[in-house]
Every structure is written in C-alpha cells, then in structure tokens.
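Record features, source TrEMBL:
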type     : residues       : note
DOMAIN   : 29-144         : domain 'Acyl-coenzyme A oxidase N-terminal'
DOMAIN   : 147-257        : domain 'Acyl-CoA oxidase/dehydrogenase middle'
BINDING  : Thr151, Gly190 : FAD binding site
DOMAIN   : 287-452        : domain 'Acyl-CoA oxidase C-alpha1'
ACT_SITE : Glu437         : active site, proton acceptor
DOMAIN   : 493-657        : domain 'Acyl-CoA oxidase C-terminal'
Amino acid sequence: MAAAAATAAGAGSTCGILEAERRKGSFPVAALTDLFNGGAEASVERKAIQQLALDAELRKYDAERMMMSRVDRYKAALGSVRRVVQLAEIHGLDDKQRALLRNEGVPDALPTDLHDLAFVPFLAAQATEDQAAAWLDDARAYRILGCYAQTELAHGSNVRGIETRAVFDPDADGFILTTPRSEARKWWPGNMAKTATHAIVMARLIVGETDHGVHPFLVQLRDMESHMTLPGIELGDIGSKLGMNAVDNGYLCLHDVFIPRFNMLAKFASLDADGSYTKPAHAKVAYAGMISVRASLIKGAGGFLARAATIAVRYALQRRQFNYAQPNCAPEAETPILDYTMQQYRVLPLVATAYALKFTGLWMESLHDTLVAQMADGNFELLAEVHATAAGLKSLTTSLAGDGCEALRKSVGGVGFLVASGLPDLFSGYVGVETAEGENFLLTQQTARALLKALQTAVGGGALTGSSAYLERFAAVTGGERWSPTDGDAVADLAALVTAYEHRSLALTVATAQSLQAAIAGGKPYVEAWIEAQVEAFRMSRAHSFVVIVRNFAQLFALYWMEVHAGEFLDSGFVSAEQVVWVRAAVRKLLGVLRPDAASLVDAFDYHDCALSSAIGCYNGRVYERLIDTTRHDPMNAPLDDDEPSPGWREHLKPLLLRSRM
C-alpha cells in the first residue's frame, strides 16, 4: 500500500502542470503546426498517420527496445519495417505517407532508412527511362532493397580517390567489378551487411587504358529467393556503433563480379557497346545523388532537435527545485526550473534553433525540388549553387542539431543520463549524421571554394545571384561601414540582423581571399596555401550558412548565435562592443518574453509520444510516474528465487562477500 501511495503521489505532483502551461500561450498552436506541415489538410493527414502509428504491432517492442541485444534489436527493426509496409498497403498510403508513418511510428533507426533516403532517390535521379522501368517500381515497393556503396575503408571524403574498379569487357558487353586491395573494400554503407539485395556501387569506369573516373553501377548482392550472397560478393557487418545499432552498416568486397553494361546508371554519362564514352553535360552531375541525401539530412536536422527540445522543455516545466522566498515550502510550491534564467538560456535558444532548422529544411527541400525538375529538362544552371549550399548547410545544421541534442540532454540533469529519458538514444542515434555524407569540418571546404569563386566574380565586376549575392558588397569591408542599430531595441530588427550576419560572412571571405593571395604571392603553391587556410575556410563557410538560416528565421536564433560568435562580428569593426552588450541584453529580454509560450512552442512541433519514446517528455506529463514504471520492464529487476536473489550472486557475489567466513 505504501508503494502504491508513493507512486500516486509522484504522479500527482506533475498532473495538470503542462495543461496549465499551455493556457499561458499567446498564439494558436495549430496554426504554427499547419505552417510546418504545409497547411491544415496536411496536418489532418499527419494526425491520421499518427493514429495508424499506434498499431499494436508497431508498439510491440517500445518498452524493451533499449534493453535488447544488437541482433534482437535488428530483428525487431525488420519487424517494424514489415509492419509499416503492410499498413501502407492496407490503407493505400503513397510513398510520402509511408515515410511519414515510418517517422511517426518508429523511434529507432531502421535497416531500410538508406534505401529510402539514398538508394531510391539516386536511382530516380541517375537511371535512364529503361533502367527506371526495370528497377524503380520494385525499389519503391520494397521488392528489392538497396544501399548506396560509395565510401571505402581507405577513402571517404576523397571521392576521386575511390579504388573500386569497373572494367569494361567489350566481348561480354559488361563490366567486371573488383576490389583491388583490402583497404578498397566498401565500408560503412547502411543496410548493406544483412538487408540489401542490391547496391549502387560507385566505381572507376575503366575502358581499355582510359580511366573515366567514378560512376554509379547497380550490382545485385543476394539471391532473391534465398537471400544468400551471390558468387564473388563478400559481405559483412562492420560492428557495433555509438548508436543506430538496428542498422546493419556493412563492408563489401567484389571479386571479379560481372554485371551487364545496362547496369551502369546512364542518365547523364553513358558507354556504348563499342566502348565509346559520352561524358556528362556538367562536371558536378555525379554529385546529384549526394545532394539529394544532404537535402534530406538538412530537412531532418530540425526534426531531431525539435524532439530533444520537446522533451527538455516539458521536463523543465514539471521539474521543481528550490523556492528562495520560502526555503521550507512543500515540493509543489518549489520553482519550475524553466523559470530560472540560466535554464531558459540553455533551453529556449535551442527551441529557436530547432524552428530555424525546420524552416531552413523546408527551404532546402524546395530548392532541391527545383534543381531536380530543371535537371530533368537538361538545365544544370542551379547545380553548382545547390551543391555548395547543401554542403555548407549539411555541415552546419547537423552540427547544430547534434550539439543541441547533447546540450539539451545535459540541461535536464541526471535524468538525461537515463535511457528512459529518450535523450541518450536520440543523441547517439543522430551524431553519426555529422560524419555521414561528408565529414562536417571537411565538407565546409566545398562551400568555401564556391564563396571565394563568387567573390572573385564580384571583384571582377560580375553579377552574383543566389545565396551569395551579398558578396557584391565586398567594398564594405574596407569602407568603414558600421552596423546601424543605435540602441538596445534596434539590434532585434530582423533586417539589421541579416545585414550583420552577411557582413560577418563577407569579412571572413575577404580575409581568407587576401590571406591566400598573400601566401601565393610569397611563393607558396596554391595547394599548400589552401591547406593552411582550412580553418579560415571553415569559419567563412559556417558564417555563410548562418546567413542562409537567419534569412529563414527570427530574432532569438539570430541574437543568441550572434552573442555566441560575438568575436567574429567584432573582428572587422562593423559591430561595436556596445552593440554586443545590447545583443546580450536583447537575448535575456527575449527569454522572458518566450517563457510563457514554452509549452506551446514545443507542442507546435506535434510529435506524438511514441515518436519521442521518452518517459520525461510525454504530452500529459506524469514524469515521475512514468520513470518509476520504466523500472518494471528492466531485466535487472526481473523476479529471481531464493537461490539466486540477484544476478551473479551464486557465481561471483556470494564467494566475494563470504570469503572471510570460510
């Protein structure tokens, strides 16, 4: 009875808190949710999908997932995949709706995620009409499952250094694919070790003595009936990871594997039967597949951070600590920790960052869709711009999301170390994205090179378009211009904030260009000068990507990150020390303004409890009751008998404790 009373008391201590907080909100939550979802109809559709996600088969492993062995977690994930596909077929869901069901219904990474995010989009973008007719419908229907095999054990970011070979055999009208040495094996592709039946393999096209560089080839890995690997195919799993352990990241060795010439994806580059090679119309067309994946990662970054922010805010509203006015008060009279300015400073700017990333993701999705449509018509005008933008934004958004998830985990205190909070698995399952599809620090060099090229065009009198058009104002760096705000209120003006972020990026770009020019003038080769400038290149790339995001969002995000990076704004003299003081004050003011809206702001993200998988972030609260309940499912608390009162008692603990009595 005492235990039951304690449980009830723990539940009662947070009952109603979140509802009371929601009544403080100053805006209609549904309207903001509609904005994220793409309209009221889309929100209704999402709600219907969320109801489907409550399916008993999908919820089967919710309580035990975190305690499973790796093999069992992989098998459970396959069960989730199968059930998602079944529900999609039963209810007539299209591909987009099925993806939404997967995201709303399964909090774990799945061994088919890269099939959806990389394999299918790449196939759609790079296959000819005949190739698409042969494979694309089967891929979309999960009748074949694919992976994207680019990274090798000894080559990741250096795509040009890929060693896997596809040697043209004119007599057999096909290619022989080989892994020339052990270090050249494909290494890391998700879905590949145990799940995929096919792979898009990036390999060097060799025709006679000519190396035409890296091209995509579709390779069948397994027999479609038995799922056994085909002759010449060597596959395996690369081992347990920090997170995402339901995904079978694998390695692949190719031992003289023959594929027909038809299997070279040939929408943009092709090879005739006589060995005549037609190169792509644009040098960067091979990057189209990576751009697609990066666009997906940019769009997803805000969602991951929004989940963590939802959990952290709801916990901070329920968790009460201290009452300095009444030190000996009852627990329910203590202060919610989100009422403390420090907690607001740790949490609310990351809520704003989640909003900024979500809107930026929608913008990037629209830009990518425009690129795909133009490329389908043979127009590659946007390709270089989108490639550079996607590289910079992938680096920045996934870093902000990963670092933000960890910061929010720490913000909830010790409970954030519990798997039951949902935050450790959210963080560990996400941070791998920071090194996937381009390591985040190295990736910024692609954006930096594009910025330097744009600056060179502007200096030469050429016109700039797109996200880097502000570089035309390069003369402002040396012209003594100053930021316009003259008081503390003016620093929050959105147009002024955009100008400040643009000037920071402009100043860093000009400084990097001048540094490179000086090094080259001093006799250093360009490559050596560039390597020495990589830190500056990273800073300018990040600064430019912040410009893109600030244009898509609002005050707290812009002011908070301006405070964090105040040194870079001060460096050029454009922003004064006094204005930075005003920025700090504006951040503190906005924290207080947004505090009453905290619950509503995270409610607008509209994540169902099953998508959060958290005992401390549920919609109706009850944080302590839920934490206690999670202990009932832990194998460590399974009932034992008198001969074995705790695991390992007879084998280890008893001999240790009783050794002095023997």
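Backbone N, Cα and C atoms are what each Cβ position is placed from, and that goes for glycine too.
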Please report the distance from the Cα of the residue listed as 'active site, proton acceptor' to the Cα of Thr151 (FAD binding site), rounded to the nearest angstrom.
9
Fewest other Cβ within 10 angstroms of its own Cβ, chosen from the recorded positions Thr151, Gly190, Glu437:
Thr151
The domain 'Acyl-coenzyme A oxidase N-terminal' (29-144) - residue tally per DSSP class, helix then strand then coil:
84 helix, 0 strand, 32 coil
Secondary-structure category, per DSSP, in which Gly190 (FAD binding site) falls:
coil
For the domain 'Acyl-CoA oxidase/dehydrogenase middle' (147-257), jot down how many residues DSSP puts in helix, in strand and in coil.
6 helix, 51 strand, 54 coil
